[in-house]
Amino acid sequence: METPLLGFEPRCPHLFITNSRLSSSLPHPTLSVRTLTATTVVKSPATVVAAEAPRTKPHSKSFLSRKSAISEIEQSPDFLSSLQRFARVLKVQDLNVILRDFGISGRWQDLIQLFDWMQQHGKVSDSTYSSCIKFVGAKSVSKALEIYQSIPDESTKTNVYICNSVLSCLVKNGKLDSCIKLFDQMKRDGLKPDVVTYNTLLAGFIKVKNGFPKAMDLVGELPHNGIKMDGVMYGTVLAICASNGRCEEAESFIQQMKDEGHSPNIYHYSSLLNSYSWKGDYKKADELMAEMKSVGLVPNKVMMTTLLKVYIKGGLFERSRELLSELESAGYAENEMPYCMLMDGLSKTGKLEEAMTIFDDMKVKGVKSDGYANSIMIAALCRSKRFEEAKQLARDSETTYEKCDLVMLNTMLCAYCRAGEMESVMRMMKKMDEQAVSPDYNTFHILIKYFIKEKLHLLAYQTLLDMHSKGHRLEEELCSSLIYHLGKVRAHSEAFSVYNMLRYSKRTICKDLHEKILHILIHGKLFKDAYVVVKDNAKVISQPTLKRFCKAFMVSGNINLVNDVLKVLHGSGYKIDQVQFEMAIARYISQPDKKELLLQLLQWMPGQGYVVDSSTRNLILKQSHLFGRQLIAEILSKHHIVSRTMVRSRSEPKFSRAQRGK
């Protein structure tokens with residue numbers, strides 16, 4: 001039996017493949033704070049137990065009575081009552097023992113009640129907080145943080161063991177950003193991090209996308225805190241390099257290990273090998289395998305499977321088949337994963353028939369499968385537009401595998417959608433509900449495209465709403481297609497809703513989309529919404545479309561917004577013509593109660609270089625008694641003066657600067 005690297009489970013470090021299921025299905029190295037703590041020299045006072053020499057005399061009565069009290073309290077149906085009776089007998093360390101036993105046995109409510117009692121009676125220690133946060137954090141991150149924040153003494157809050165428990169809780173629950181922020185705050189408050197602290201934080205970056213730079217920032221802090229990297233930390237850092245495809249950095253860390261006197265073991269080499277798989281660098285992979293063998297390390301299942309991935313990525317399919325045979329001979333191909341890797345690589349490079357041969361061979365050999373091989377082949381058949389075969393294989397998978405994971409369900413759903421099998425699509429959606437499988441981005445994307453193809457545009461819209469409510473990012477091309485089709489079926493409000501979801505998703509969208517939605521809104525007579533689009537995007541909308549909008553708004557838009565619309569259009573550089581002014585003024589005249597709006601418009605026009613023409617002037621004069629003859633006369637007089645100035649400037653000959661000087 002192989003001896004694993006301290007802090008690592010003997011598992012495969014990061015066999016990442018392009019296919020998400022391949023990546024998630026392969027085992028990853030896991031770093032537990034408990035394991036890391038156990039492997040470091042510095043330990044929590046709560047975990048240090050001195051090796052006892054054989055006893056020469058019996059335990060004291062005090063010790064035996066405390067031990068008996070602990071047992072009685074733990075077994076009591078009402079432990080608080082028992083606790084009250086033994087309150088004077090038990091010491092803080094005894095209460096900590098009970099607290100940890102409650103945590104180990106999953107008695108969460110009792111643990112909280114005991115912790116509250118200990119706080120009320122002033123019987124808490126650093127170990128109390130550390131243990132409580134550890135166990136509570138496994139159930140509720142917010143409660144663990146609440147306990148930490150409730151610590152009254154600032155020096156206690158920066159105790160390294162307590163801080164490590166809090167940070168570990170956040171890392172295990174995937175809240176790495178919050179963890180780093182809290183870590184920075186702890187340092188400002190006086191925390192002196194130890195090796196466990198950094199191992200805990202670094203372990204959180206193994207599966208985080210683009211986490212490499214932040215992880216390197218932490219590594220850069222180590223010398224300032226007097227901490228040297230050990231084998232565990234090197235293993236973690238190499239795993240981070242592998243998960244981010246940083247092979248050069250991984251090589252550098254391996255060399256640094258050697259320079260510092262550490263001997264890389266099979267798990268360090270496995271991470272380095274995995275980093276080569278990103279680009280299929282089989283030459284370096286072969287050199288690494290040779291180096292390992294030269295120092296007496298025998299490649300295990302993990303390394304051979306990782307090497308297979310490197311060969312596949314590098315396009316060495318003949319060598320991949322040979323290596324697969326070696327895996328079979330060594331008993332390392334008892335499950336479907338290596339076959340799936342090879343099938344996936346072959347199918348994605350257009351070698352579908354060869355992939356199908358591997359698939360058939362796998363079935364003949366009775367290789368254990370959970371259905372993922374079927375999923376690989378269904379996706380491959382769909383890519384080759386062999387939809388009937390994909391549909392049939394999906395049906396076989398449904399029959400064979402009662403419970404499927406999300407990747408498999410999405411693959412089968414895609415096959416049914418591409419084949420136009422509405423009944424099967426509905427059945428798959430029902431199955432996902434029954435199995436409580438939450439749809440992901442791919443699920444929604446598959447369904448929306450299918451509903452659009454089937455002209456079920458309102459159903460596609462409802463699916464997009466659901467997708468948005470689940471927090472998935474919207475794709476512009478898909479949204480644009482749906483907006484167009486919703487406009488075609490006169491679902492104007494729904495189209496505008498999709499536009500707004502995309503617009504407020506904090507991203508820059510194509511300027512053509514603003515114009516597309518504007519045409520839809522004008523056609524649907526949703527002029528107020530159309531005005532919002534124009535107000536925010538007038539400068540990227542074409543002049544003909546703005547003209548169409550202006551004309552439509554002057555006729556049917558909200559009369560109270562007419563002046564605002566004209567000002568926005570003018571501010572964008574659009575030149576408003578006399579016809580549009582005449583339409584606006586005619587609407588005001590037809591509603592004398594809008595006198596103030598008419599006067600505001602007439603007063604605004606001259607300052608912007610606009611004047612009413614003779615026909616509009618006559619229209620205003622005929623109704624001047626409704627708006628005040630004297631005021632109208634004064635305003636029109638200004639229009640006349642501006643008009644004469646404009647005519648004169650147009651009729652004057654143009655001289656060059658030199659001619660004007662003479």
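Just so you know, glycine gets a Cβ as well, placed from its N, Cα and C.
Annotations in TrEMBL come from automatic prediction, not curation.
Pulled from TrEMBL, these are the features on record:
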DOMAIN    222-328  domain 'PROP1-like PPR'
REPEAT    159-193  repeat 'PPR'
REPEAT    194-229  repeat 'PPR'
REPEAT    230-264  repeat 'PPR'
REPEAT    265-299  repeat 'PPR'
REPEAT    335-369  repeat 'PPR'
REPEAT    405-439  repeat 'PPR'
Would you list the DSSP helix, strand and coil counts for the residues of the repeat 'PPR' (335-369)?
25 helix, 2 strand, 8 coil
Could you put numbers on the helix, strand and coil content of the repeat 'PPR' (194-229), residue by residue per DSSP?
24 helix, 0 strand, 12 coil
List the helix, strand and coil residue totals of the repeat 'PPR' (405-439) as derived from DSSP.
27 helix, 0 strand, 8 coil
